[in-house]
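Trainee: Annotations per Swiss-Prot:
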type	residues	note
BINDING	10, 47, 68, 130	S-adenosyl-L-methionine binding site
């Protein structure tokens with residue numbers, strides 16, 4: 001999955017992956033992470049786009065740190081939410097920042113643990129992945145998991161949302177990620193608890209049009225081992 005693919009999507013505004021409201025699963029399950037003692041910590045949101053989920057997390061009192069490849073997406077997040085921001089260079093990335101939200105724009109694999117743990121940020125205690133893991137084809141997905149594990153401290157608690165369907169029925173993204181894949185490839189780094197798995201085919205016309213026979217959406221609670 002080359003960067004040009006995602007830049008093209010944003011350039012042409014083919015951003016069906018973007019949701020114009022806060023994700024209902026975030027609203028429902030974020031309290032299940034039991035983060036009452038982590039109000040003063042940061043939440044890391046990889047491949048964040050311009051998601052309104054960031055605003056929801058910030059309104060809960062969290063500092064939110066995102067990472068997004070496309071500069072247009074980051075600019076749109078701040079302008080569409082009427083947020084003034086400053087910019088600075090951090091290594092190979094550009095950092096957009098306002099009081100409670102920072103987004104590192106550039107390649108996730110160029111983001112360092114040191115940048116996230118600098119004195120400018122609160123300690124990361126949580127993370128949220130709704131559209132990152134499922135954005136990677138299987139041959140790149142494990143590299144992403146290892147990078148995520150390297151970026152966040154031990155004991156960090158995360159909410160992960162995935163989709164699963166017969167991959168041969170539809171060319172991703174979003175790519176199919178099964179529960180078996182999660183357990184085989186993420187359990188080394190994270191304690192994994194599945195919170196829900198629901199049939200969502202009727203809510204996704206694209207999948208129906210392509211005659212995908214079934215589609216499930218799962219929610220996981222993860223805890224970074226260590």
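Note: Cβ is positioned from N, Cα and C throughout, glycine not excepted.
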Trainee: Excluding near sequence neighbours, so keeping only residues 6 or more apart in the same chain, what lies with its CB under 8 A of residue 68 (S-adenosyl-L-methionine binding site)?
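Mentor: Sequence-distant Cβ neighbours: 47, 48, 49, 50, 74, 103, 104, 105.
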Trainee: So what sits near residue 130 (S-adenosyl-L-methionine binding site) in its own chain, CB-to-CB under 8 Å and at least six residues off in sequence?
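Mentor: Residue 130 (S-adenosyl-L-methionine binding site) has long-range Cβ partners 23, 25, 26, 51, 53, 161.
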Trainee: Mind giving me a neighbour count for residue 47 (S-adenosyl-L-methionine binding site)? Other Cβ atoms within 10 Å of its Cβ, every protein chain shown.
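Mentor: There are 23 of them.
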Trainee: Does DSSP put residue 130 (S-adenosyl-L-methionine binding site) in a helix, in a strand, or in coil?
Mentor: coil
